[in-house]
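Peer 1: Look at Swiss-Prot and you will find 203-238 tagged as FAD binding site, backed by similarity to another entry. Per Swiss-Prot, the feature domain 'FAD-binding FR-type' maps to 95-200. The transmembrane segment annotation in Swiss-Prot covers 28-50 and rests on sequence analysis.
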């Protein structure tokens with residue numbers, strides 16, 4: 001029954017999706033501001049030279065002047081880039097855990113909160129790359145050993161002074177229950193960055209993001225980085241499964257991406273317990289839905305990312321063996337013809 005419902009929900013988008021999935025992509029440069037400054041300085045030197053006649057000394061002076069201005073422009077460009085990046089709060093390696101103060105808490109839905117933690121200095125950035133995460137650590141008074149859990153911040157990597165986390169409260173989840181009990185002013189230990197999948201612009205022509213619940217956070221980190229970079233022309237397809245409509249996290253942000261980049265970003269939502277008015281997928285993510293909306297495995301430079309609860313991994317891609325071992329590819333993606341190299345499990 002769900003298979004028919006899911007496909008029926010996807011049909012109005014199918015022809016649009018296939019058109020969007022086959023459009024060409026192109027790359028671009030990234031140091032435009034720096035090069036523009038350099039060109040302007042060189043142009044100023046050329047103007048000076050052309051208005052000084054044939055005097056050799058003046059020609060030599062003009063060359064020196066142009067060189068000095070070019071160096072100045074490069075220096076200014078570098079300082080702007082470095083200033084934009086800022087100092088990193090998390091540097092990895094032997095840094096160890098850092099204690100951060102909770103600045104604010106916002107209720108998102110019935111079981112999820114947004115936590116904003118202050119970085120040690122107001123002009124610092126997190127230091128996270130795409131895609132990477134942070135470890136959190138907490139040890140209660142009666143705990144024999146600390147609880148350590150990974151989280152992917154939803155704040156932009158360029159944001160200064162804070163990080164944001166979306167945390168869903170799970171029954172008997174030591175870390176999530178502790179965080180949901182925290183109030184502003186309290187502190188939590190963090191360590192990172194923990195590298196996941198190193199992303200670079202146009203690394204793949206098309207990526208698919210298959211997420212369940214709070215498994216959406218690394219997917220959002222990746223999608224945001226792609227669309228924040230004008231040089232990155234990667235196409236993105238999101239399949240996001242949840243229990244109820246209220247559980248769909250970051251939906252407004254994904255709708256903004258879909259409205260801004262309709263030829264490059266599409267999102268498909270699946271609910272286990274949908275309302276009567278729901279027109280999207282119903283039940284669980286299945287083979288028929290993925291075959292309809294995902295990019296073809298043999299015709300494009302594609303990568304499929306999976307992040308969600310254990311049941312989703314088992315059905316879609318097979319489980320990871322450990323954080324450093326992706327395990328064998330299994331499940332629906334293998335049945336659809338994707339190779340192990342085409343799939344990454346967060």
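Note that Cβ sites are derived from N, Cα and C of the backbone, with glycine treated the same way.
If you look at the structure here, what lies around each of the features I listed?
Peer 2: A sphere of 10 angstroms centred on the C-beta of residue 213 (FAD binding site) encloses 21 other C-beta atoms.
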Peer 1: If you count Cβ atoms within 10 Å of the Cβ of residue 218 (FAD binding site), leaving out that atom itself, what do you get?
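Peer 2: The answer is 26.
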Peer 1: Of these binding-site residues, 203, 233, which scores lowest on Cβ atoms within 10 Å?
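Peer 2: Result for the binding-site residues 203, 233: minimum number of other Cβ atoms within 10 Å at 203.
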Peer 1: Please work out the mean pLDDT for the residues of the domain 'FAD-binding FR-type' (95-200).
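Peer 2: Averaged over the domain 'FAD-binding FR-type' (95-200), the predicted model reaches a pLDDT of 97.
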Peer 1: Can you tell me the three-state DSSP label for residue 203 (FAD binding site)?
Peer 2: coil
